[in-house]
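**Student:** These came from TrEMBL, pasted as-is:
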{"type": "COMPBIAS", "residues": "13-24", "note": "compositional bias 'Basic and acidic residues'"}
{"type": "COMPBIAS", "residues": "255-267", "note": "compositional bias 'Polar residues'"}
{"type": "DOMAIN", "residues": "56-522", "note": "domain 'Major facilitator superfamily (MFS) profile'"}
{"type": "REGION", "residues": "1-24", "note": "region 'Disordered'"}
{"type": "REGION", "residues": "255-276", "note": "region 'Disordered'"}
{"type": "TRANSMEM", "residues": "122-139", "note": "transmembrane segment"}
{"type": "TRANSMEM", "residues": "151-171", "note": "transmembrane segment"}
{"type": "TRANSMEM", "residues": "183-206", "note": "transmembrane segment"}
{"type": "TRANSMEM", "residues": "212-230", "note": "transmembrane segment"}
{"type": "TRANSMEM", "residues": "327-348", "note": "transmembrane segment"}
{"type": "TRANSMEM", "residues": "360-384", "note": "transmembrane segment"}
{"type": "TRANSMEM", "residues": "431-457", "note": "transmembrane segment"}
{"type": "TRANSMEM", "residues": "500-518", "note": "transmembrane segment"}
């Protein structure tokens, strides 16, 4: 048996119990593997009442709806903005692309902050920034100011979208997450679904600035909800990021001790210090059952507070990318999101230019994409849990994260044909009712896939769910940035028919990547774990 002494921090900022100066001794065998998901904590969020969990789900989902509204609420108003601010189509593209780029990549910092400070402080700060950005947008007088403020708006909105999935992982067990992720994932789809019609209605009635005043009001309500009703779900004992940062900070004060008979060995330097890599390797090998944690009064490490500078936000990011299964799923999910971002933008242009639709009419048609997306998210999430339960039963209760991907297979065959159908319906200017049908099919099938891919990333990266979701946001935002920036030139050159035929081909490759991970992902994950232990 090996004995490992791990410095342990308080469970969360919201606890009312007295703080203790303690560290934790963990006794584990060399053959044990980490179960960071179930490390004992005070006020375990997974033991909360159904009412408390539901309230948490509703708050983060509502916040995500409002944040997602910001992504495309301006789409029906683009022509009005172009005229009022004397902007070009390229500049309008930048207002959308800048938002996608920042929204995708800034979560890396929010994620790191949430692992140290907890979820609630990040939600509050981000909500305040979101309100400020929208107020500035409503008052913008030039297109350059608008581009800058769209970036600020994205900084505020992205925290909710990225950290909310990790919040659900904090309060729900893995076998519950498919359904809850489906419900949650419907929230950021309600935003894009309602965004165009709300933006179109407000712009038609009060001018394009009204959309951003509306977001100011919504953002204020969200801020108050987090301040008054939300209880922090983060527990530091269940965060690998926090454990590693804490050990890096205090390794010189409390070196890891290990017996020579265990394969978990503490390699001390000549000065008696444990290296960061050795510490992390040992922590990753830990299994933490309920009856093995013994609090002892020792160094008083709770008196030392970590700050953001103690965390390298890019180290966890590259750890996620070090595994092949993660990389392929991130690329797949990013391409699907890039496609839908391109579709929302170019569809609005097609309806305005080829069908002479006003802002409200454009919003009504784009609502079809949102309806399909919501249906795909909720139904796909439930199907994911059903598939998981059946396969666990067939395997004697055993499961692996790749089982999540089985549920995505049902939606895959529908996506490329629907995209090709949309391409040539728009190219030939067929009745708009057919466009609506294609948009519903595209929304349903693309989101069915995305729901399973997101659940897989969370399940495949225990203890790093927040970082995994933030990395996913980075890929999504970066690929959406590229797709939106190139959308107008490609649409003008290839037409809708050529552009979306190409996208159909890209999506076929995307589906093949998912199938590859389904077949090879488990072995790749094990290789990744072994590699991390050796590095």
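Any Cβ shown, glycine's included, is placed from N, Cα and C.
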**Student:** Give residue numbers and ranges for long-range contacts of the transmembrane segment (151-171): same chain, 6 or more residues beyond its ends, CB-CB under 8 A.
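**Tutor:** For the transmembrane segment (151-171), the far contacts come to 45-46, 48, 53, 56-57, 60-61, 63-64, 66-68, 70-71, 98-104, 106-107, 110-111, 114, 119, 122-123, 125-134, 136-137, 177, 180-181, 184, 187-188, 215, 219, 222, 233-235, 238, 454, 458, 465-466, 469-470, 473, 477.
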**Student:** What residues elsewhere in the chain lie close to the transmembrane segment (500-518), defined as a C-beta under 8 angstroms and at least 6 residues from its ends?
**Tutor:** 325, 328-329, 331-332, 335-336, 339, 342-343, 402, 405-406, 408-409, 412, 415-417, 419-420, 422-424, 426, 449, 453, 456, 494, 524
**Student:** The transmembrane segment (327-348) and the transmembrane segment (431-457): do they have three or more Cβ pairs under 8 Å, with pairs 6 or more apart in sequence?
**Tutor:** yes
**Student:** May I ask for the residues of the chain that lie six or more residues beyond the transmembrane segment (327-348) and have a Cβ under 8 Å from a Cβ within it?
**Tutor:** 72, 75-76, 78, 93, 96, 100, 192, 196, 320-321, 362, 365-366, 369, 373, 419, 422, 426, 435, 439, 442-443, 446, 449-450, 453-454, 456-457, 460, 471-472, 475-476, 478-480, 482-484, 487-488, 491, 496, 499-500, 503, 506-507, 510-511, 513-514, 516-517
